[in-house]
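Encoded as structure tokens, the structure appears first; notes follow it.
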Amino acid sequence: MPFRGTLLLVASLLATASVTAAHSCDFYALGGTPCVAAHSTTRALYALYFGKLYQVTRGSDGATTDITPTFIGGVANAAAQDRFCSQTTCTITRIYDQSGEGNDLSIAPPGGNGYGPQPGGYDNPASAIGSPVKVFGQNAYGVFISPGTGYRNDATTGIATGDAPEGMYAVLDGTHYNDGCCFDYGNAETSNDDTGNGHMEAIYFGNNTFWSSGAGPGPWIMADLENGLFSGQQITKNVADPTITSRFLTAIVKGKPGHWAIRGGNANSGGLSTSYSGSRPAPGYNPMSKEGAIILGIGGDNSLGGQGTFYEGVMTKGYPSDLTENLVQANVLSAGYTALPLTSGPPVNVGSTITFQPTTTGYTNRLLAHSGQTVNTQIVTSTDTAAQWTVRTGLGNTNCVSFESVDTPGSFIRHYDFVLQLETNDGSKQFGEDSTFCPQIPISGKSGANSIRAWGYPTRFFRHYENVGYIASNGGPEAFDSQAGFNDDVTWIIKAL
Ligand code: AHR
Ligand code: AHR
Ligand code: AHR
């Protein structure tokens, strides 16, 4: 039987046996292009994988734990994470490689174009709770990358170097993106620096138009080949590269000597389409000079401006066939990715007018208020309109909320450089995202209270520090990130008037 026929037969047998009979990397192996890196915080990417998926680190004491699937080939044990992280914060500090090649991702070191906010210039870790989903009907969490967050492995095994062929796919959030550089997943420099054209081959997702673009306003799947995000053959617009509008997407970039391709589709329905398949751009991209490091959420030189959400992704040895990728897409569809609510705890209802009262001992006689642009806690009563906020549907994400000033209609609480400010809504995407917050169960566990997570920076919460309002992380570079007093300072009693 010809190889293609065998593959189809085996695939259909596996697919009918059980939904967990074969996963993405099983199909790549069947196609003769095995995974040499397989990363996911949501699920096993092999039917028989039962090892570690990712590591979380707890804010309260720095302890770590590894999250595994709940059964062989299954979904990540989100309940174990929730227990471990109860009444504190958690970040994702390692994403394990399921392929057996040992290509784990850890927090990215500083690079030629990006010095991260953590000690030594390392990037930020992602929040462990920024992107809750259901996969195969079970709760799991994706990797929510804010600007400044990134993962890397500079010492890999089995990843393509030079002009060697490879393929990649990733499942991403089609609604979380920006025009910064560069939300990538894939092959990059081992030196953390830009070493020239053709030294990268990675999936890019976003609406950056500095180099290329696709049809419509974006976001688009493009390829980061270094010194350029490519939607097609050259640094130009490729109208065959569509704007992505689905909540979940499957993104593919693959390359072999003299040739590369972009494919993509809705990760919830339908198949994959090819937006580019053709020759390499020139000059410097043919032959390629791939170096074999792996990046997630950043550019090759650690450019830190991108944002996006990663659920799963792999890199292969060899150039996968379209047929193999179609089977991978069918497996992704079977996973049934569904977004879960971003809010929890006592409801904070759209349309209500509220006050925020600190819960820190010694500060409960205050309310979060504003004086002009400054947002701070003040000794005022709930009759003072400077302390009254109308809850609106989130300007940047309708699953969370925004807070409009009662005495200055049209002005909202937003963060800027992580400081809370009152500003007029200018209608921009940045303003909307900076003024979108997700009330959740209180970090301190105090009954009847909420913590208020920043949608775009889910490691950060409304905090008063020396009575000034910030979005603070639990331990971080700024004084207002201080771990001392964190749990109480980020816990508020929200009262409807
Ligand atoms: O190719 C786009 C970006 O350019 C790369 O990710 C980065 O290394 C360089 O700044
Ligand atoms: O508050 C953090 C960031 O600071 C905001 O997202 C951005 O608008 C500003 O640069
Ligand atoms: O905002 C008042 C206090 O200032 C906070 O409780 C404390 O963490 C900081 O010193």
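Just so you know, glycine gets a Cβ as well, placed from its N, Cα and C.
Per TrEMBL, the feature active site, nucleophile maps to Glu226. The Cβ neighbour count for Glu226 (active site, nucleophile), using a 10 Å radius and every protein chain shown, is 26.
Applying an 8 A CB threshold to same-chain residues 6+ apart, the list for Asp301 (active site, proton donor) reads Gly111, Gly112, Asn113, Gly114, Glu189, Asn192, Asp193, Asp194. The active site, proton donor annotation in TrEMBL covers Asp301.
Within its own chain, Cys35 (disulfide bond) has Ser24, Cys25, Tyr28, Ala29, Leu45, Tyr46, Gln98, Ser99, Val314, Met315, Thr316 as residues 6 or more apart in sequence whose C-beta sits under 8 angstroms from its own. Feature annotation from TrEMBL assigns disulfide bond to Cys25-Cys35 (among others).
Summarising the annotation, TrEMBL assigns disulfide bond to Cys85-Cys90 (among others). For Cys85 (disulfide bond), the Cβ neighbour count at a 10 Å cut-off comes to 20, with all displayed protein chains included.
Within 10 Å of the C-beta atom of Cys182 (disulfide bond) sit 27 other C-beta atoms, taking all shown protein chains into account. Here TrEMBL flags Cys181-Cys182 (among others) as disulfide bond.
Under the heading disulfide bond, TrEMBL lists Cys400-Cys438 (among others). Non-local contacts of Cys400 (disulfide bond) by the CB criterion (under 8 A, 6+ apart in sequence, same chain) comprise Leu342, Thr343, Gly394, Thr436, Phe437, Cys438, Pro439, Trp455.
Sequence annotations record features per position, and here TrEMBL assigns domain 'Alpha-L-arabinofuranosidase B catalytic' to 25-338.
For 359-494, the entry in TrEMBL reads domain 'Alpha-L-arabinofuranosidase B arabinose-binding'.
Long-range contacts of the region 'Disordered' (101-123) within the same chain, counting only residues at least 6 positions beyond its ends with a Cβ under 8 Å from a Cβ of the stretch, are 36-37, 39, 93-95, 148-154, 156-159, 191-194, 294-304, 315, 476-477. The region 'Disordered' annotation in TrEMBL covers 101-123.
What TrEMBL lists as signal peptide is 1-22.
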Measuring Cα to Cα, tell me the gap between Glu226 (active site, nucleophile) and Cys182 (disulfide bond) in whole angstrom.
11
Along the domain 'Alpha-L-arabinofuranosidase B catalytic' (25-338), what average pLDDT does this model show?
98
Distance check, please: Cα of Cys90 (disulfide bond) against Cα of Cys182 (disulfide bond), rounded to an integer number of angstrom.
25
Any same-chain residues 6+ apart from Cys181 (disulfide bond) with CB under 8 Å of its CB? Would you list them in sequence order, or say none?
Asn208, Phe210, Leu229, Gly299, Ser303, Gly305, Gly306
Out of Cys25, Glu226, Cys400, Cys438, which recorded positions lie by ligand 1, with a C-beta less than 6 Å from some atom of it?
Glu226
Including all protein chains shown, what's the count of other C-beta atoms within 10 A of the C-beta of Cys438 (disulfide bond)?
25
Could you say whether, by DSSP, Cys438 (disulfide bond) belongs to a helix, a strand or a coil region?
strand
